[in-house]
């Protein structure tokens, strides 16, 4: 599998842990081992620009997902086909503020946002209460499986 992290944020982040998390999520959700994922870490001005271009919303946000091949989770008998899952942009500066407000570490927030972004790439959403319950439940399950501890509280709506 090809999971690349490009850190343009100017903030030191444990990139190896983000890659390990993505691999864990890929394995748990039966994503093809050759699927590709790009994780871009950007500063607030760059995230604000992306947020405006992609969502037509002002201001920096925590995470943005740009799916490519519209892949969905697989099963043990039928993994997801090979393809480009997509790109995730994460802003460590926004993550730091959200982590502080939620009472957990910035790295835990980065793991939360990366998991959240991957789930969006796989078609999960949280626009209505049922979708939110499914997505956030899976997000917690994946994070707890990866870290071996209780998942950080969600900071996104």
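Quick reminder: no glycine exception, Cβ is built from N, Cα and C everywhere.
When Swiss-Prot records 116, 120 as binding Zn(2+), the matching candidate from 104, 126 it lists for that site is 126. Counting every protein chain shown, the number of other Cβ atoms lying within 10 Å of the Cβ of residue 126 (Zn(2+) binding site) is 19. Each of the binding-site residues 116, 120 was assessed for Cβ neighbours inside 10 Å, and the highest tally belongs to 116.
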